[in-house]
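Below: the structure, in structure tokens.
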Amino acid sequence: MMGHRPVLVLSQNTKRESGRKVQSGNINAAKTIADIIRTCLGPKSMMKMLLDPMGGIVMTNDGNAILREIQVQHPAAKSMIEISRTQDEEVGDGTTSVIILAGEMLSVAEHFLEQQMHPTVVISAYRKALDDMISTLKKISIPVDISDSDMMLNIINSSITTKAISRWSSLACNIALDAVKMVQFEENGRKEIDIKKYARVEKIPGGIIEDSCVLRGVMINKDVTHPRMRRYIKNPRIVLLDSSLEYKKGESQTDIEITREEDFTRILQMEEEYIQQLCEDIIQLKPDVVITEKGISDLAQHYLMRANITAIRRVRKTDNNRIARACGARIVSRPEELREDDVGTGAGLLEIKKIGDEYFTFITDCKDPKACTILLRGASKEILSEVERNLQDAMQVCRNVLLDPQLVPGGGASEMAVAHALTEKSKAMTGVEQWPYRAVAQALEVIPRTLIQNCGASTIRLLTSLRAKHTQENCETWGVNGETGTLVDMKELGIWEPLAVKLQTYKTAVETAVLLLRIDDIVSGHKKKGDDQSRQGGAPDAGQE
């Protein structure tokens with residue numbers, strides 16, 4: 001039987017790689033992704049300019065925003081990009097560090113795989129190290145008083161210093177803190193801070209960044225439906241609808257056969273009566289403003305205008321929800337079911353202004369707004385987009401601290417403290433596992449090392465003295481000053497990071513490294529059609545998965 005030709009199990013147009021080749025390929029892909037955004041860490045970080053497929057320009061130093069725009073082929077690189085997105089959604093900050101750490105964890109593992117150490121041994125050491133990293137972090141964390149605004153501004157400032165918005169840091173910190181405190185909502189002892197839904201960022205090009213502010217209420221890009229309606233109302237009574245003030249057409253197509261001329265007049269009269277009834281149901285409650293998600297017919301506008309009611313139509317559902325939270329109104333589906341307690345009376349002012357070429361409706365001075373709008377002004381769209389990304393990060397940091405008021409020192413100090421603890425612990429370990437365990441400590445040093453590199457200081461000299469510093473008693477808050485590249489005590493410098501962000505960064509980085517080390521086989525399949533097309537000179541990537 002030995003002379004027979006081999007049996008092909010896999011289809012001929014699939015490509016298979018296995019063993020060491022796959023592992024080193026995965027590690028190299030992860031290292032490449034980490035190298036792309038290595039220069040984006042710290043206050044002296046560089047920015048990247050990316051062209052998206054539509055020809056738009058993105059200028060940013062936010063790890064997640066950069067990787068979102070990059071097109072990659074390798075599956076391991078795709079999973080690296082995925083973790084930065086997860087980090088952004090979970091805690092909103094630390095997207096750059098998580099990629100750099102994961103890349104470094106894999107990089108130090110390569111040496112052991114070359115020495116024929118089994119990946120499972122490396123993985124089990126990494127898992128042990130992760131548990132110890134988490135316990136060490138909790139040991140060095142300190143509680144924070146969230147009612148102390150100076151401390152809160154300081155924490156947000158640590159996050160903003162590394163961003164493009166750092167020139168206007170005090171303005172940005174105040175905006176982030178005010179916005180998050182405004183949307184904070186406590187119910188049955190449970191805190192809810194939903195920034196995505198209730199803190200909307202509106203960007204209007206023009207003016208200067210210093211004109212940006214937080215509105216105690218909502219701003220929408222809409223004008224009144226009829227030019228003679230009021231555009232300035234104090235203490236407005238607001239009614240919110242999600243139904244249209246138009247004549248309802250039947251669900252399916254209906255034909256009406258008319259035999260007499262009067263019947264046609266009667267049909268038109270019925271339409272008018274229906275709309276009049278809708279408007280009367282609304283007018284009974286004496287509102288000043290009616291806002292609906294659907295359309296308002298000309299006739300309805302006429303009735304509302306005669307009753308001196310301002311109407312705004314086709315408002316987004318998300319905006320309507322925010323207005324409801326801000327002024328205490330309820331969104332009603334049928335005008336005939338409107339009651340007095342559905343009317344929102346919490347707003348202090350409704351005003352429609354023209355900014356540039358467009359009209360904007362401002363519902364502000366709300367008594368107890370649980371929703372807000374951040375109005376950003378700036379020179380160009382690119383700058384505004386970057387400022388918005390930075391603000392989102394700052395708000396997430398603020399939210400994390402309010403939900404879990406624990407802090408750890410920034411500037412690479414926590415990494416060095418954890419690395420020192422792991423190195424000490426590894427001395428008591430026996431067997432092969434101690435080497436990969438110690439390598440995790442070595443991998444953690446990549447954060448302070450990158451900070452030093454990015455501000456152009458001498459890496460070897462500073463890292464050695466930082467290691468020496470951490471061997472002394474009560475020196476776990478010493479780290480790198482990213483501005484000057486010198487060693488400082490983070491307590492004095494006031495650079496703190498939320499514990500939640502650090503924990504998530506470490507967990508995600510180690511889990512990703514473990515996941516990629518577990519892979520020993522990659523089978524990539526292509527559809528036959530795509531291959532045929534590329535042979536004929538068609539689109540090379542058509543039909544490929």
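Cβ atoms here come from the backbone N, Cα and C positions, even for glycine.
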Ser18, Ser24, Ser252 - the residue Swiss-Prot records as phosphoserine: Ser252
Of Gly189, Gly411, Gly431, residue recorded by Swiss-Prot at the ATP site of Gly42, Gly94, Thr95, Thr96, Gly482, Glu497: Gly411
Listed residues Ser11, Ser159, Ser426, with the one flagged phosphoserine by Swiss-Prot: Ser11
From the candidates Lys222, Lys425, Lys507, the one which Swiss-Prot records as N6-acetyllysine: Lys222
Those recorded positions listed as Lys163, Lys222, Lys249, Lys381, and which of them has the most Cβ atoms within 10 Å of its own Cβ: Lys163
Nearest-integer angstrom distance between the alpha carbons (Cα) of Ser11 (phosphoserine) and Thr95 (ADP binding site): 39
Entry from the recorded positions list Thr95, Ser170 having the most other CB atoms no farther than 10 A: Thr95
Distance from Tyr247 (phosphotyrosine) back to Cys366 (disulfide bond), taken between C-alpha atoms, in Å: 34
Modified residues: Ser243, Ser244, Thr430, Thr459 - member with fewest neighbouring CB atoms within 10 Å: Thr430
Residue among the recorded positions Ser11, Ser97, Ser252 whose Cβ has the most other Cβ atoms within 10 Å: Ser97
Cβ neighbours of Cys372 (disulfide bond) where a neighbour is any other Cβ within 10 Å: 28
Top Cα neighbour of Cys372 (disulfide bond) in the set of binding-site residues Thr95, Lys163, Gly482, Glu497: Lys163
